[in-house]
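First the structure, in the form of structure tokens, and then the observations on it.
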């Protein structure tokens with residue numbers, strides 16, 4: 001008989017928290033009891049789990065000793081307050097916020113990249129989910145790193161508004177309708193108009209000019225790959241609802257033929273290669289990535305200015321593999337191998 005696990009999901013009013021519930025059901029995770037939770041102001045309603053509507057409890061009042069796993073997607077402040085308490089009460093926390101990603105005592109995990117790091121989950125009882133773009137990027141970099149090493153990565157990301165939450169998705173839709181109807185717009189989720197525009201700044205600017213999102217990309221990618229990989233990033237918000245994309249230039253340590261790189265990417269778990277030199281031989285967030293679990297890679301080519309340089313394009317659903325699916329896959333590995 002398959003063992004079942006009692007699970008709490010914190011932050012179910014958000015896009016990622018709702019997707020966690022959906023994906024747990026889709027993948028037939030061996031759930032015993034499931035407890036949708038949120039902060040007090042978002043609690044009291046219901047959340048969907050399959051065909052059931054479940055009451056949403058207040059995370060501040062929940063007894064985490066009732067569950068073996070807790071999936072958090074309620075922001076860094078909530079994670080900082082409640083994740084350590086949950087771990088002390090005996091459950092393993094998988095956190096999707098920024099709170100623990102650079103904590104050396106907390107493993108940062110993408111199951112297809114570094115599943116072995118889950119062996120350290122019991123140091124603090126917490127596992128960190130990477131930034132969504134880092135998860136997508138790491139899937140593409142891993143097979144190339146394993147084959148030839150990677151010295152340096154330059155990446156420009158083109159991030160959908162859903163990365164900012166439900167309010168930003170609604171704002172893009174509203175601004176698009178207003179502009180097409182010649183009505184005045186009032187930006188709220190972003191400092192500038194997002195419809196029919198691109199915003200070359202995600203999150204606050206830190207000393208040196210990089211944004212917090214760019215620093216997350218650089219630091220988390222290097223930590224996740226476990227090599228002294230140098231990463232330089234530019235993060236841009238684009239008027240797409242779902243699906244983050246990235247233009248990637250990398251320099252390998254050893255020479256890597258283009259055909260071999262294509263073969264490696266085509267065989268790597270979690271990736272789908274769409275790299276045909278034709279009018280529609282490339283992936284986009286709308287036509288391929290949105291709603292899908294795979295990360296799509298295309299536009300693979302050698303850098304004519306560098307003997308070990310490769311260029312590629314990737315796109316993936318930031319809510320699914322970029323966040324919720326990755327957390328559920330971590331839960332699957334924990335339940336299979338450690339709990």
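FYI, residue positions are counted from 1 along the chain as it appears here.
Glycine is treated like the rest: Cβ placed from N, Cα and C.
Just so it is clear, the model here is predicted, and its values are computed rather than measured.
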> Can you tell which of 318, 326 TrEMBL lists as binding NADP(+) with 13, 14, 15, 16, 162, 163?
Replying inline: 318
> Given the recorded positions 237, 244, which one's Cβ is surrounded by the fewest other Cβ atoms within 10 Å?
Replying inline: 237
> Which residue, of the binding-site residues 13, 159, 162, 318, has its CB surrounded by the fewest other CB atoms within 10 A?
Replying inline: 13
>> Would you identify which of the binding-site residues 14, 163 has the most other C-beta atoms lying within 10 angstroms of its C-beta?
In response: 163
>> Between the Cα atoms of residue 163 (NADP(+) binding site) and residue 132 (active site, acyl-thioester intermediate), what distance do you get, rounded to the nearest Å?
In response: 8
>> Taking DSSP as the reference, which of helix, strand or coil describes residue 237 (substrate binding site)?
In response: strand
